[in-house]
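Taking it in order: structure first as structure tokens, then the write-up.
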Ligand code: 1GP
């Protein structure tokens, strides 16, 4: 995968939909027609082959690019435009960094559309997030340790994406800005606690790509307003 020409390289805004949560056709229509750059399908728990296929086929009625964040091998569904494979960097439980991934690659490695598949180096920075509990992430990191993780992901591992995950709370934008300045090839994806245009704007000033999740289910109008808020901010360097 060429880090320069990948599909997500131009994405400034994406909505993340959870296959384990209900969304009716009208809401899905609004999300897919919103002008967002992409819809990412993914979730921490309850993601199955069936609910992933179901959501994908509904999103596929629209032209919006659609990617799958593959968090379990059972839910690896063909037919998406792109696949993201999360590698959690701030956990001591190696099963979440490479263990499960290697288990899946042993079985499916030869069938993976590699040109459309990218690793995401995940830093889970909200200890209360489902994903943090699930993976045993060490989310209280001091600035030096965050920087070390960024060097590891961007310079040593040359991962194409570093995902700063605050799911459920709005994160530390100074930290996110520093991360975007420090990385040389990786895109900084930011997600967490964006509940309207103001936080969307702040996140867009800090990260390359802003990801909006929960508010879709809580306040659709607020979710939709984040698209224009991000579009009005010039791209981060
Ligand atoms: C979740 O980063 C995304 O994986 C978005 O977070 O649900 O808090 O918007 P929110």
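Using the three backbone atoms N, Cα and C, a Cβ is placed for every residue, glycine included.
Just so you know, TrEMBL annotations never went through curation; they're auto-generated.
According to its DSSP assignment, residue 213 (sn-glycerol 1-phosphate binding site) is coil. As annotated by TrEMBL, sn-glycerol 1-phosphate binding site applies to 16, 163, 164, 165, 166, 167, 168, 193, 213, 214.
Residue 44 (Mg(2+) binding site) falls within neither a helix nor a strand when secondary structure is assigned with DSSP, and so counts as coil. The feature Mg(2+) binding site is assigned by TrEMBL to 18, 44.
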(message) I'd like to know which of the binding-site residues listed (16, 44, 164, 168, 213) lie near ligand 1, counting only a CB under 6 Å away.
(response) 16, 168, 213
(request) Select one residue from 16, 44, 164, 166, 168: among these binding-site residues, choose the one with the most other Cβ atoms within 10 Å of its Cβ. (result) 164
(message) Cα-Cα, whole number of Å: residue 16 (sn-glycerol 1-phosphate binding site) versus residue 44 (Mg(2+) binding site)?
(response) 12
(request) Would you kindly give the Cα-Cα distance separating residue 18 (Mg(2+) binding site) and residue 166 (sn-glycerol 1-phosphate binding site), rounded to the nearest Å? (result) 16
(request) Please report how many Å separate the Cα atom of residue 168 (sn-glycerol 1-phosphate binding site) from that of residue 18 (Mg(2+) binding site), as a whole number. (result) 14
(message) Helix, strand or coil for residue 16 (sn-glycerol 1-phosphate binding site)? Use DSSP.
(response) strand
